[in-house]
Structures are given as structure tokens and as C-alpha cells.
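S.K.: Sharing a structure here in C-alpha cells format.
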Amino acid sequence: MNLVRPLSRAPSSVASSCQARSLAQTLLSCLAGGRLRRLLPAAHARAVVSEGLGDLFLANLLLRGYSKLGLLHDARRLFDGMLHRNLVSWSSAISMYAQHGGDEQALVLFAAFRKSFDEVPNEFLLASVLRACTQSRAVHFGDQVHGTALKLGLDVNIYVGTALINLYAKVACMDAAMRAFHALPAKNPVTWTAVITGYSQIGQCGLALDLFQKMGVQGVRPDMFVLASAVSACSVLAFLKGGREIHGYAYRSAAGMDASVVNSLIDLYCKCSRPLVARKLFDRTENLNLVSWTTMIAGYMQNSLDAQAIDMFWQMCQAGWQPDVFACTSTLTSCGSLEAIWQGRQIHAHAIKANLETDNYIKNALIDMYAKCDHLTAARAVFDALAHDDAVSYNAMIEGYSRQGDLTEVLHIFHRMRYCSIRPNLLTFVSLLGVSSFQSAVELSKQIHGLIIRSGTSADLYIGSALIDAYSKCSLVDDAKAVFLLMHNRDMAIWNAMIFGHAQNEQGEEAVKLFSQLRASGVTPNEFTFVALVTVASNLASMFHGQQFHAQIIKAGADSNPHVSNALIDMYAKCGFIKEGRLLFESTCGKDVVCWNSMISTYAQHGHAEEALRVFQLMREAGAESNYVTFVGVLAACAHAGLVDEGLHHFNSMKTKYGIEPGTEHYASVVNLLGRSGKLHSAKEFIERIPIKPAAAVWRSLLSACRLFGNVEIGRYAAEMALLVDPSDSGPYVLLSNIYASKGLWADVQKLRLGMDNTGTMKEPGYSWIEVMKEVHTFIARGTEHPQAESIYAVLDELTSLLKDFGYLPDTSELPLLGDNG
């Protein structure tokens with residue numbers, strides 16, 4: 001039919017009616033086919049020319065056609081120009097707005113319908129209005145529509161009832177949703193999906209799964225939407241068994257191939273720490289979509305498989321997908337965790353190209369990534385460019401500066417945060433406490449504690465752990481204990497923080513008592529508790545306590561944990577039981593880099609250089625990846641053994657072979673290596689070639705070597721350079737004084753003593769300890785703190801007299817600087 005054929009004259013009413021019916025038939029066929037967009041304007045024009053718009057059926061079909069094409073403006077012009085409207089007209093117009101995001105217009109149109117139209121609304125119209133209420137969160141208006149439905153008896157209609165359930169579920173009014181649900185005499189999968197999804201969204205996933213089970217009992221066959229919602233509920237609960245059962249059902253049904261179900265299953269397996277299973281499902285699925293890729297990338301990130309997350313991001317790009325905000329955010333988080341700045345910058349560039357850089361999630365992820373990669377200038381640039389600051393961005397910047405110990409910038413950002421009236425949250429306070437404890441800023445820690453109390457979060461266990469840790473690191477153990485006692489329903493983190501607090505402050509006996517209280521309270525200790533206890537034994541150098549803790553660890557089945565094993569190896573080494581440490585090392589399965597490092601460092605510290613290097617060779621043969629700490633131990637071993645060439649070889653291989661940037665400890669070890677071999681000039685030249693500013697420890701290493709060989713000239717220079725870096729350090733004074741004393745330069749010794757007095761520098765006392773009858777006794781040089789000090793000194797005097805009788809002459813060359821400081 002030629003819809004645009006010109007008319008020579010106005011048709012008669014009969015002809016017009018026939019024309020309208022003909023146009024209506026054509027439109028009906030177009031609505032079901034694919035020609036609607038091409039023929040609809042022509043049909044509308046024909047109806048106008050033929051005066052066919054007076055036919056209500058044709059007018060409603062045109063309205064329906066415009067609605068289907070999303071041409072809201074044209075539809076509204078047609079609707080407003082209709083001389084006559086019926087219930088279908090109003091329903092079509094309201095439904096159109098509800099379907100295409102015009103929720104406000106839908107509600108306005110419904111109000112106009114109630115005011116100007118005498119007919120009562122039908123179920124289709126009410127369902128459309130309720131959909132608009134749901135999408136615009138207009139709950140009050142929805143309640144009024146609900147009242148209308150009740151009066152008309154339409155609340156039991158499946159369409160209206162399901163729309164009511166959706167409305168209440170979306171705004172978390174699940175009691176009202178369930179009342180509407182129970183009022184329905186018959187329920188379909190859409191109805192069940194609404195309540196199951198509603199409970200999932202508010203975190204009551206157990207109830208969601210109960211409803212899913214009842215749905216099956218009542219013989220309602222779940223569709224793909226119900227299955228996806230049920231799997232999502234299993235994900236939140238980490239209910240792997242239930243998720244697998246649903247997976248099995250989905251696999252047996254056609255829904256198993258639906259992308260929404262597959263994506264929910266991938267998310268389930270990732271959240272249940274089964275990323276390999278998730279990846280197999282991902283690889284076997286043909287109809288993957290953007291959500292599938294994003295979910296898999298996020299899953300890798302959540303399981304700390306950060307390298308795989310980054311790799312998958314690039315695979316996604318190569319496959320032709322355009323990564324969205326969520327994919328970029330997850331990948332940036334992984335880049336931050338790996339400190340992969342190069343990849344992070346690439347993703348930043350991608351976000352700019354994709355016009356995603358203005359998204360707040362992206363900006364916060366970029367700030368976090370740059371901060372974790374110690375590129376705080378870039379992080380600050382992104383932060384300063386934020387249009388709308390939020391607590392997440394401030395926390396990322398505070399944490400970034402905290403990692404570098406930059407207390408000034410941390411406080412500047414925090415003051416700016418408060419000035420902008422952005423309320424600090426738990427993470428803000430934890431970061432602030434972290435940097436204040438790192439800097440031993442006692443007063444700042446107390447001020448932050450005051451702010452925490454004012455914010456009403458002091459009872460939070462996460463905050464409590466941070467406060468205990470901060471006070472412990474500031475040596476305010478009594479304050480830490482006060483916070484501990486105020487915490488109710490203590491979790492393991494609180495107990496561990498307090499035990500570590502005692503351990504850090506060498507209050508081993510208190511830590512042991514606290515552990516007894518922990519066991520008496522019925523709380524089961526975890527691997528971190530045992531690490532803390534073993535650390536106590538290490539600090540006390542108490543083999544008695546160490547073996548007791550080891551026995552309890554074995555009973556608890558925690559001896560296979562790598563953190564615990566590493567702590568035990570370290571404890572045996574510090575107690576001088578190297579063979580026992582080696583036996584434990586040999587019995588450890590799946591040794592990680594920390595385990596290997598512990599053994600290498602143990603041998604190096606005890607002067608067993610050959611054994612340390614042999615363990616390093618075994619480590620390489622086992623394919624374990626060396627890190628920064630590994631080479632600290634290796635170089636220390638080479639220095640002890642005087643293996644200059646081998647030590648320099650390992651130092652040079654750090655960057656070329658292993659990609660590890662040398663740090664202060666490595667440079668100090670090389671200086672020690674050269675110095676111990678008498679190559680003082682080479683050591684001095686090496687320091688002057690260091691690409692970073694040498695730390696005081698590097699110069700002290702040279703100074704120690706000068707003391708060994710009595711080189712006054714280089715020793716004086718090394719001491720001056722060390723004191724320029726750290727004027728408060730007593731080490732250079734003591735070492736240089738010993739060099740002067742060995743050469744008989746007593747005037748120079750006196751000058752050094754006066755220099756120390758003028759700067760207020762105090763020599764730190766040396767400690768020694770011994771374990772007798774299961775008790776550790778600690779001594780300070782010339783100290784009288786021990787309760788049996790008189791008896792001990794009396795015995796020492798007798799032994800000294802006996803030694804002198806046998807001709808022993810003590811070496812007093814290093815005593816002049818000791819004075820009263822011991």
C-alpha cells in the first residue's frame with residue numbers, strides 16, 4: 001500500500017473510516033515486524049490528511065508505535081492533539097514514559113488522568129505508574145497508588161502485585177513487599193525474583209535463599225533472573241555449596257548459558273576464593289559480555305592475584321571490549337598493590353581516552369594507586385583536580401603520606417578535610433594513628449584519640465586495635481591497656497594488638513599473662529597470636545618460653561602456617577639454637593621468600609657465612625624469588641667472611657639480574673665488605689658514587705672499618721659526614737673516640753666528649769641477658785637495677801682479682817667515652 005499517495009480531495013466519512021481501518025491493519029503488522037521506523041511517520045501523515053486521527057483505535061496504534069520507537073516528543077504531541085482519549089490512550093502514554101526514563105512525566109500524567117478522566121485505572125496503567133514510582137524512588141506517591149489498587153481490588157493482580165513488590169523491595173521496605181507478595185493468589189518467577197533480589201540487596205541473603213527454596217517446593221520453575229539473584233545471595237554469604245547446587249541446576253537447564261547467571265557464578269567462585277574455577281567457567285562461556293570481563297578482573301583483584309588482574313585487563317582490550325569504570329578501578333587497585341606504576345600510568349591514559357577520568361571512582365582509584373606506588377606528586381595532582389572531594393580521596397592521600405612518614409602533609413590534608421566539612425571515618429583515624437605512632441608523636445596520638453571519642457567511634461574494634469598499636473609504639477603501654485580494657489566483645493585483632501604491644505615494649509611476662517587470659521576467655525588464638533608470642537620469646541631470648549609456645553602451636557595445628565614458621569626460625573636463631581632453627585626450616589613445606597630470608601639472615605648474623613651462602617644457592621635452585629631482604633643477608637654473610645669479589649658480584653647482580661634497586665642496607669653492607677678487607681679508600685670512593693644520599697648507617701660502616709684498622713684521617717671524615725646526616729646519633733662519637741684512644745690522641749677524645757655534652761647527645765646503654773632457671777635476667781653496663789646486683793659485682797670483683805693474679809691486663813683503650821652512660 002502506498003501510504004504517501006497524494007489525495008485530491010477530502011474523503012467522505014465512510015471512505016475515511018475505511019482508510020483508518022486500512023492504516024490500522026498496516027500499523028499492526030509493522031508493530032510486530034521491523035518496518036515500523038520507516039512506515040510510522042508516513043502512516044501518521046496519511047492519517048492526518050485523511051482525517052483518520054478521529055479513529056481512536058488508529059490514534060492509539062500510532063501512540064503505541066511512537067512509544068515503541070522511544071520517540072517521546074512525537075508521541076506526546078500526538079497525545080496532546082487527540083480529541084478523544086480512552087483508557088488505552090492514557091495507559092500507553094504513561095507506560096511510554098515509565099519505560100523510557102520519563103518517570104516524573106509519567107506521575108504528572110497519572111495525576112492528570114485521575115483529575116480529568118472518569119474511568120478507573122486498569123491493572124496495566126497502575127503497573128506502569130508503580131514502575132515509574134520505583135525508578136524515581138517516589139515511595140509516598142507509590143503508597144497512594146497502592147491505596148487506589150486496594151480500593152479497586154487490583155492489589156491481587158499479578159502485574160500490579162509484582163510492581164508493588166518491586167517498589168517496596170527497591171527501597172528496602174521488605175515488610176511491605178512481603179505483605180504484597182503474600183496477598184497474591186498466584187505468583188510467577190518475576191514475583192519471586194522481586195522478593196529474592198530485595199532481600200539480597202539489603203544483605204539478608206539467608207532469607208533470600210529460604211525464599212528460593214520455597215519457590216522450588218511450590219513448583220515454580222526459576223528463570224535466569226531468579227537464578228542470578230540466588231547465586232548473588234550465595235556470594236554474599238560465601239555459601240559455596242549452595243552456589244554449586246544452583247550452578248548444577250543452571251547447567252542442566254537453558255538458563256545455564258545466560259550471561260547474567262554466568263556472571264553471578266564467576267562472582268560467587270571469586271568471593272569463595274576459587275578464582276581458578278571462575279576462570280574455567282569464564283573460558284568455557286561463549287556469550288561473555290562486559291560484566292563478565294569486569295567480574296573476572298575484580299575477582300582476581302579480590303584474591304590478591306594482581307598480576308592476573310592486570311593481564312586480564314589487557315586481554316579484555318585486545319578482545320575489542322571497552323573497559324568501564326569498574327574494570328579500570330579494579331585494575332588500578334591491583335597496580336597499587338603491586339606498585340606497578342608503569343601499568344598504572346597506562347590505565348590512567350586509557351581512562352583519559354575513554355573520558356572516564358572525571359568519574360570519582362576512577363579518581364579515587366588513581367589517587368590510591370599513585371600513593372601506594374610512592375608517586376605522591378601525581379597522586380596530589382589527581383586529588384587537587386577533584387571536583388567533589390570525598391572521604392575516600394582524602395583517606396587515600398593521608399595513607400599515601402603516612403606510608404612515607406610525612407607527618408606535615410598528613411596533618412595538612414586532614415585539616416583541609418575538616419575545613420571542607422568532610423567527616424573523617426574509621427580509615428581516616430586508623431591512617432592518622434599509623435603515622436603518629438610511626439613518628440612516636442605521643443601528643444598527636446592523644447589528640448586523635450580525643451577526636452575519635454567525639455566522633456562516637458571509640459568503641460569500634462578496628463579503631464581499638466589501632467589505638468592500642470599507637471600507644472604501644474609510643475611506649476605508653478598503660479594507655480594501651482586502658483583502651484584494651486574498655487573494649488567489649490574483644491575480637492582476635494584486639495587481643496593480638498595488646499600482646500604485640502607488650503612484646504614491643506619488652507614486657508614479655510605481661511604478654512604471657514595476657515595469652516593465659518585469652519585462652520581462659522575461650523577465644524581461639526590464631527596464627528597472628530602465635531607470631532606475637534614467638535616474638536616475645538625472641539625479644540626475651542627465652543628458649544623456655546619459645547619451646548612452650550612452639551608446643552602450643554603444634555597442638556593448635558598452626559605450625560604449617562608460613563608466618564608462624566618464619567617467626568619460630570627467627571626465635572631459635574635469636575636464642576642461639578641455630579641447629580633447631582635449621583631443622584624447622586627443613587621441615588617447612590612450601591617455603592616462601594621470608595622463610596628463606598630468615599635462614600640466610602640467621603647464618604649471616606652468627607658468622608656462618610658459608611652456610612648462609614649455601615642456603616642462598618638452595619633458594620635459587622628451588623626457584624624462589626629473591627627480594628630486597630635476601631641480599632641484605634647475603635651481603636652481610638660475604639662481609640663477615642671477607643668474600644669481597646663474591647659480595648660485589650651479588651651486589652651488582654641485584655639490579656641487572658633480579659631487578660632489585662639497592663637500598664641503604666645494601667650500600668652499608670658493601671662498605672662493610674670493603675672496609676673489613678682493609679680497602680678503606682675503595683669504600684670511601686664507593687660511598688661517594690652512591691646514586692642516593694648516603695644514610696648515617698653507611699658512613700658508620702666506614703667508620704667501624706677505620707676503627708678496625710686505626711685510620712684516623714678517613715675515620716674523622718666518615719664521622720663528620722655521619723653527624724651531618726644525623727647529629728643526634730652517638731655512634732660516630734663512640735667509634736671515632738675509640739680510634740683516637742687506640743692512637744693515644746687523648747686531647748681529641750676529650751674534645752669529642754665535650755662535643756657530645758654540648759649537643760646533648762647521650763650514648764645508648766648496651767644490654768646483655770642470660771636465662772637461668774626459666775627466667776631471663778637483663779643487665780646494663782655498670783647498672784645496679786638487678787635485685788642481686790651487689791652479690792653479682794662482688795663475684796665479678798673476685799674473678800677480676802683471680803685474673804690479675806694470673807697476669808691478665810684489661811684493654812682500657814675504649815673506656816674514655818663511656819663515662820657514666822655505660
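Placement of Cβ uses the backbone N, Cα and C atoms for every residue, glycine included.
Sharing the features that TrEMBL gives for it:
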REPEAT    55-89  repeat 'PPR'
REPEAT    188-222  repeat 'PPR'
REPEAT    289-323  repeat 'PPR'
REPEAT    390-424  repeat 'PPR'
REPEAT    491-525  repeat 'PPR'
REPEAT    592-626  repeat 'PPR'
S.K.: Restricting to the repeat 'PPR' (390-424), report the mean pLDDT as a whole number.
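M.R.: Looking only at the repeat 'PPR' (390-424), pLDDT averages out to 86.
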S.K.: For the repeat 'PPR' (55-89), how many residues does DSSP put in helix, in strand and in coil?
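M.R.: Secondary-structure breakdown of the repeat 'PPR' (55-89): 27 helix, 0 strand, 8 coil.
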S.K.: For the repeat 'PPR' (491-525), give me same-chain residues lying six or more residues beyond its boundaries with a C-beta closer than 8 angstroms to one of its C-beta atoms, as numbers and ranges.
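M.R.: Same-chain residues near the repeat 'PPR' (491-525) but 6 or more away: 461-462, 464-465, 468-469, 471-473, 475, 477, 480-481, 484, 532-533, 535-537, 539-540, 542, 545, 556, 776.
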S.K.: Within the repeat 'PPR' (188-222), how many residues are helix, strand or coil going by DSSP?
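M.R.: Summed over the repeat 'PPR' (188-222), the classes give 26 helix, 0 strand, 9 coil.
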